Each structure stands twice: as C-alpha cells, then as structure tokens.
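Step one of this worksheet: look at the structure below.
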Amino acid sequence: MAAGSWKATRLLLAILVALVAFSYQVKRKTFIRIEEVSALESSVKETLEYVTDEYNKKSEDLYNFRILRILKIMKQVTGHLEYHITVEMQRTTCLKTETSLCDIQKGELHKKIQCYFSVYAIPWVEVFKILKKNCTDIS
C-alpha cells in the first residue's frame with residue numbers, strides 16, 4: 001500500500017514539475033504562430049537576398065551561387081520573425097568579386113546544392129542573422 005501511494009506521489013510531482021517547466025518556456029518565448037509564406041512577401045525577399053549574400057561571403061568556392069528554386073519557406077512569429085528556408089542554389093559564372101547577374105555554370109564547373117537556413121529577422125530595421133545552415137550537394 002505504501003509503495004502504491006509513493007508511486008502516485010512521484011507521478012504527481014513529475015506532472016507538477018513538467019507543468020512548471022512548460023509554463024516557464026511559454027513565458028520565455030512567446031510563440032504566436034508558424035505558417036508557410038510566399039517568396040513574394042517583402043520581408044521574405046530581403047531575407048532571401050541576405051541568405052544568398054551571406055552564403056557567398058562565407059563559402060570557400062571561387063564562384064558565387066544564386067537561388068535557383070525555392071522549395072519551402074516557413075515563418076515563425078514570436079518576439080521576432082524566424083524564417084525556415086529550403087532552397088536549391090546553383091554555382092554561377094561570376095567570381096566572388098563580380099556582382100552582376102550571372103548565368104548558371106555549365107559543364108565541369110556545374111554544381112547544385114540544396115540548403116536549409118534558419119534566419120532570425122527583424123526586417124523593419126534590417127537586422128538578420130543566420131541561426132542554422134545546412135547545405136548538401138545534389139548534383
């Protein structure tokens with residue numbers, strides 16, 4: 001009998017701790033919503049430009065890459081915006097020192113990658129930061 005009541009007490013204590021921890025997390029990050037959004041949204045365009053520029057700055061490749069296809073964009077609204085972006089990017093004919101719109105690389109230098117970016121964004125004050133980046137070769 002005592003063992004049964006001890007198990008019940010431990011279970012109630014575990015539930016109480018879980019509820020307190022959950023309420024603390026809710027207060028810490030006010031989660032409002034997450035939704036799929038269009039690339040035509042103005043803040044999304046700015047975020048995609050930022051992601052492309054940052055990728056090219058940090059890449060060790062001699063050539064710039066550009067977004068070829070947008071696979072998915074999710075917007076998470078909390079105290080700020082967070083975009084979760086999945087894109088296909090392809091190597092261009094422009095070296096890193098060139099900034100004009102360039103053709104896609106063909107032949108031996110052809111390279112296509114799929115990238116996932118998680119981006120912290122406050123677009124109305126032009127603040128962006130890549131929180132996570134994962135790119136893999138797809139060709």
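Positions of Cβ are set from backbone N, Cα and C atoms, glycine also.
Quantities reported herein were computed from a predicted structural model and do not represent experimental measurements.
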Disulphide partner cysteine [Swiss-Prot] for Cys102, chosen from Cys94, Cys115: Cys94
Neighbouring C-beta atoms (10 Å sphere around the C-beta of Cys94 (disulfide bond)): 19
Cys102 (disulfide bond) CB neighbourhood, other CB atoms within 10 A: 15
